2 protein chains.
Amino acid sequence: MTSRVGVIGGGQLARMMIPPAVALGVELRVLAEAENSSAALAATAVGDYRDAETVLAFAADVDVVTFDHEHVPQAVLAALVAAGIPVHPGPAALAVAQDKTLMRERLRAIGAPVPDFARIADAAELGAFLAAHGSVAVVKTPRGGYDGKGVRVVRDASDVDDWFASAGEDGLLVEEFVPFRRELAQLVARRPSGQLAAWPLVETVQRDGVCAEVFAPAPRAGRLVAEAGALAERIATELDVTGVLAVELFETDDGRLLVNELAMRPHNTGHWTIDGAVTSQFEQHLRAVLDLPLGDPSPLAPVSVMVNVLGGPEGELMPDRYPAAMADHPEAKLHSYGKESRPGRKVGHVTVVGDELDDVVARARAAAGFFQG
Amino acid sequence: MTSRVGVIGGGQLARMMIPPAVALGVELRVLAEAENSSAALAATAVGDYRDAETVLAFAADVDVVTFDHEHVPQAVLAALVAAGIPVHPGPAALAVAQDKTLMRERLRAIGAPVPDFARIADAAELGAFLAAHGSVAVVKTPRGGYDGKGVRVVRDASDVDDWFASAGEDGLLVEEFVPFRRELAQLVARRPSGQLAAWPLVETVQRDGVCAEVFAPAPRAGRLVAEAGALAERIATELDVTGVLAVELFETDDGRLLVNELAMRPHNTGHWTIDGAVTSQFEQHLRAVLDLPLGDPSPLAPVSVMVNVLGGPEGELMPDRYPAAMADHPEAKLHSYGKESRPGRKVGHVTVVGDELDDVVARARAAAGFFQG
C-alpha cells in the first residue's frame, strides 16, 4: 500500500521532496500556508500551521507528519502526538531546534563543542558577558531567526536594548564571537529505529548571514571529516532526531570545530545531494521519516558545487533566463523554486558536478550568474 | 513566465517527466486516460486522446503538446496544429513512428540500414517473401504493437492468416529474420531549432519481446558507438523528430547495425539516465519540446544498469517490498510507477551505477529481484 507523508509547510524544501516521492511511489501531502506555494503541486490543504484544528484535519489521513520548517508550535505537535499520529522529528527534538538557548544548553550537556554562551535578561548581564569576552559578542533572539535575521554582533551593552524590550521571560542568547577560518556543515539522516547515514562534510560560504555557496566535499578538511561525522551522529542520537539533521559548524582559527546551528529537516547546505549524491537529502528524509532503510549517501562525482540564486530581476522567474543560461552551461543543474525574484530572496539554486574544484566552482558561479544580473 | 507542457497520456513516461518539471519550474499538465493514472499527480484532465474536442480543450492553455505514447490519431494531431498549438514531435514525424511499414520505407529512403522488408496483402505474398529469405521471416502488424505484441516469427505462408483477416488496406509488414548478436539502443534528443544531443549507446536485453535490462554504455561496442550516434542523429534530422528519439538496433552476427524500431518519446532504454546521466531523458525531452538548449547527456559513472520490474506478486505495489530491498541494496535507485503488480506488467525499474559492469549488473538484478519474488 502507498505510504502517505504529510509535510507541514509549502516552501522549497517541501517542493524538493516531490521528485523523490514520485520516484519511490510515496504520496506526499503538503499543508501550505497559501495558494501558489512553492510546493503547490503536492498541496492537499492550505491553512495556518499554528492552528491545531487545521493541522489535525490535515494529518488525519497521513502515515507520518514531517516539516518544511521548524516553526510549528509545541502545542500543535503535542496535539498530533495525542492523536496517535507519528511525528518526525518528534516534538522533544524539534524543541531544541526551535529555541537557540535550549539548543546551546542541550549541546553543552551532551559534551558537543559550542561557543561560550549565556542566557541574558538585560543590558547589565550583556555588559558582564562582554567584559568577560573581549568586548565583542553575538546576541541572538532564541526563536524565529533565520538567514541572518535575529543575529547581531554587539560591542556595547546597550546594542540590543530594542530586543530586550520585546524579549519574553526567556531573555536573549549571547555567545562569544568566534574567530573562524570558515564554515562547514555536516548532514546526517537518522531513522526512528536508530540507523544513521552521513553525507560528506561540506564547506559553506555565507554572505550577509545567508548560505551562498556549498563545496562538497569540504576541501582540505583532513581529520575534521571524521570529527564532524561523529559529532553529527552523536547529536542526532542524543537528541533523538529523526529525518535529516544539519549541523552547521565553525572551523575556528585554531582548528577546532564548534557547533553554530542545528536544523532538523533538509537544509540548504544539502541541496547539492540532489545532483551530486546517490541518495539526495530529500529522498533520505522521506526514507527516514517512514522508518525505511536509508540510502547510500556517497557522492557521484569528486566535486559538487551548489550556488544559490538570490534575488535577481524583480518579478522575474528563473526560467525567463533559461535560454541564455542553458546555452552557456549545458552541464549545470538548474533548480527553480517557482518564486518570483525580489532582492535577497532565495528563488532557486544551481549545482555543477565534476572533477576539479576550481573548475566546478567557476562553472557553477557562471551559470548562477545568469539569474542574478 | 512559467512554461506549460501538455502531455497526452498518463503512463509512467508522463509520470517520470514530473521530477524534472518540478526542478526546472516547468508546469506539466497531463491528459490521462483514467483517474489514478501513473501520472495522476500532474493530471489536469481525464479523457479520450482519440477525441479531438477533448484534446483541444486540454491543450487550450499549454505552450506545447507532447506525448506519453504514440497512439494519438493523425486527425487529432492535425486539429492541434490547425489550432496553432505547437506539437512536438510533429504529426509528420509521429506518422513514421505510428506505422511500422511507413517507418521501414522512410528509413530505407534516407539510406538508414534496415532489414529487408515488404508490405504484404495475403498469404501468397508472404509465401514469396519466405521463399526468398530462407523460409523464415518476421511479420508485424503496422500499427498498435508494443512490447512484443503484434510481432510473430513465421515459417509458413499460413502463419498469420488470422492477422490478414483483420488487416486493413495497408496489409502487414514482413521482414527478414535477422540473426543478431545482441540488441542496442541509441537515444538522442533534438530541438525544433535543430540542436542534437546523444546519450551513450546502450545494450538492451529483451525477454519475450519486452525490455528487461539495459547496460550503459554498451560494453565492447567499439566503432559501433560512433556509427550508432551518427545514425540516430541522421534519422532525427531527416525525419524532423523533436524531443527524444529512441533508435532500437540489432547488432547482426556479421557486425552490422540494423534499425529495428523507432520511438519518438522517452523510452525504456533511457530510464538509466535518471540516475546515471547529467541530464535525464525526461529533462531533455522537456527542454527539447520547449526549444530550450539541451543539457549535457554525459554519464555520471562508468557503468549504469537498469533492470525492469515486471510482474511481481499480484495486487502488490513495489513499496510493499521496500524494507527488505532497501536494507540489502542502499545503493539501488528504486522507481515505482504507482501501479499494482500483475503478471508481465511493468510496474517500475531499478538502476544501479558503479565502476565495474559485472558488479553493477549483479547488484541491480539482486535489488530488482526483491520485487519479483
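Using N, Cα and C of the backbone, Cβ positions are placed for all residues, glycine too.
Automated prediction, rather than curation, is the source of TrEMBL annotations.
These figures come from a predicted structure and were not determined experimentally.
Residues annotated as ATP binding site in TrEMBL: B:K100, B:K140, B:E175, B:E176, B:F177, B:V178, B:E183, B:N260, B:E261. Within 10 Å of the C-beta of B:E175 (ATP binding site) there are 21 other C-beta atoms, taking all protein chains into account.
When pLDDT values are averaged over the domain 'ATP-grasp' (B:104-290), the model yields 95. According to TrEMBL, the domain 'ATP-grasp' annotation covers B:104-290.
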ATP binding residues B:K100, B:K140, B:E175, B:E176, B:F177, B:V178, B:E183, B:N260, B:E261: largest Cα-Cα distance, in Å and rounded to whole number: 18
Work out the three-state DSSP category of B:K100 (ATP binding site). helix
DSSP, reduced to three states, assigns B:F177 (ATP binding site) to coil
Cβ contacts within 10 Å for B:F177 (ATP binding site), all chains included, total 17
B:E183 (ATP binding site): secondary structure state under DSSP, collapsed to three categories: strand
Give me the count of other Cβ atoms within 10 A of the Cβ belonging to B:E183 (ATP binding site). 20
Specify the count of other C-beta atoms within 10 Å of the C-beta of B:K100 (ATP binding site). 24
Per DSSP (three-state), B:E261 (ATP binding site) is strand
